[in-house]
Amino acid sequence: MGNTCCVAPATTDEVGAPPRDHHHAAKKSPAPSATTTTATRQRHGQEPKPKPKPRARAKPNPYDWAPPRVLPARGGAAASAVRVLEGVVPHHPRLRVTDKYQLGRELGRGEFGVTHLATDRATRERLACKSIPKRRLRTAVDVADVRREVAIMASLPDHPALVRLRAAYEDADAVHLVMELCDGGELFDRIVARGRYTERAAAAAARTVAEVVRACHAHGVMHRDLKPENFLYAGKAEDAQLKAIDFGLSVFFRPGERFREIVGSPYYMAPEVLRRDYGPEVDIWSAGVILYILLCGVPPFWAETEQGVARAILRGAADFDREPWPRISRAAKSLVRQMLDVDPRRRPTAQQVLDHPWLHHAARAPNVPLGDVVRARLKQFSLMNRLKKKAMRVIAEHLSVEEVEVIKDMFALMDTDNNGRVTLQELKDGLTKVGSKLAEPEMELLMEAADVDGNGYLDYGEFVAVTIHLQRLSNDNHLRTAFLFFDKDGSGYIDRAELADALADDSGHADDAVLDHILREVDTDKDGRISYEEFVAMMKSGTDWRKASRQYSRERFKTLSNSLIKDGSITMAR
């Protein structure tokens, strides 16, 4: 058994050196000397510490930390030898996470890790444990991301709206982060589940988001990825606290510092991020986008392609005329407009947002229902349209034997009664047999997404589509095959009749309302038919952004920014 380490972080001093953004605009600083460290403490009004004893390691200047240069192998001894938490948290030798916590059912999966229910063996307190296998940390960037996330979570204050990191462990195989359990569901899901949704409810949620930004900025942390999915309720009670849970893209910053790396989620990304010259004001913009969606149910900047979304963000012309904006108070609209100002210098600070009359008196915000249209929009916001589901099934049915060999074997294993279809229970039992630990809510979500005909079970095509749903649709041959399935006459377009034929139910009927919705959503040039380019844009929009890995997003957004520079949409800061 390799060495292990553990920490129960409480203050910044216990954490050690918080890592800097490894793609930061500034050059890396050399390792701090005793002189520079003392000078830094004096700038912050602290008394200089005495010179450390010989052979003792001096505490680094947090702003001069550079990410590790190690490039771990994909597995084996090289990956195990990487000390991810070295210099970030103090060591506690030979204590394993399972010594203190009993790990239970899976709660969810992320890019690097898996989160399980963790029960304190002594107190029986229920927490969440995110385990990050070292074999998944393939590059120095991956290692630096985890180090920075741990340092940031440990340095943030004990605030009711911030999930608390309770302990961090490291052994030869993985890093384990034990934190507060938030099992009350996502922000939007709770809104949809409520029978009545009002401006006052939106104000309450928006105030929590603003409090998170204020707490982060006060401690020198820029979040950089504020979005509804990163806010969970602590419990299922109606008055449960809403908490920010993900700091994977957050960075430490100093006043006046500028950043260049393009990160975040497209709908919530500030224009200056696309220009690669930004500071903490980006969090105010993202919070403003969340508030806009809370009030009307759709994002303020929308298009069917990534470049279209980016151009809409750069223009910054949000729509305040459509339903339900006419019935929303002037105070609410005033705050949203201020937060979505394209000039970051004119945006309010987090404290100014909280002091705005609409949020300062959030409990007295109008209690008039915003209408079912908002709840319906919020529900549809993250769902694929029916055409996209059908297209994924077509792709699945035309994959080569080599591409689906493993999936075919799994299908045969799960189809225990050999009737050519898999029920949800068979899916659960089969995944258990093959050692999968996919969380039950995720199984149900995939089942619902892939069950195109809604009959409660998956045939082979739908089953393979589950896998396609989780992959980036980058193979043009696959997309062309799916397009030709709909384009029966080979005209190069999918017309309304072909769309109706492809989406007809067993009786041969196609819902006109569904067809109208798909055409409105996909037919961007409004010529009454869907071109191949429009089809590809539909298939590559939305889902990719939520499922893409962090590294993939970095490269994708860099490419997007370069294309916007080339076509003159943005001008780089000098």
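Cβ atoms here come from the backbone N, Cα and C positions, even for glycine.
Range annotated as region 'Autoinhibitory domain' by Swiss-Prot, chosen from 241-271, 365-395, 458-488: 365-395. Of the candidate recorded positions, Asp225, Asp417, Asn419, Asp487, Tyr493, the one lying closest to Asp527 (Ca(2+) 4 binding site) when CA atoms are compared is Tyr493.
For the domain 'Protein kinase' (101-359), the model gives a mean pLDDT of 90. For the recorded positions Asp225, Asp415, Asp527, the largest tally of other C-beta atoms within 10 A is found at Asp225. The Cα atom of Thr115 (ATP binding site) lies nearest to that of Tyr457, taking the binding-site residues Asp417, Arg421, Tyr457, Tyr493, Arg529 as the candidates. Summarising the environment of Leu107 (ATP binding site), the number of other Cβ atoms within 10 Å of its Cβ, over all protein chains shown, is 19.
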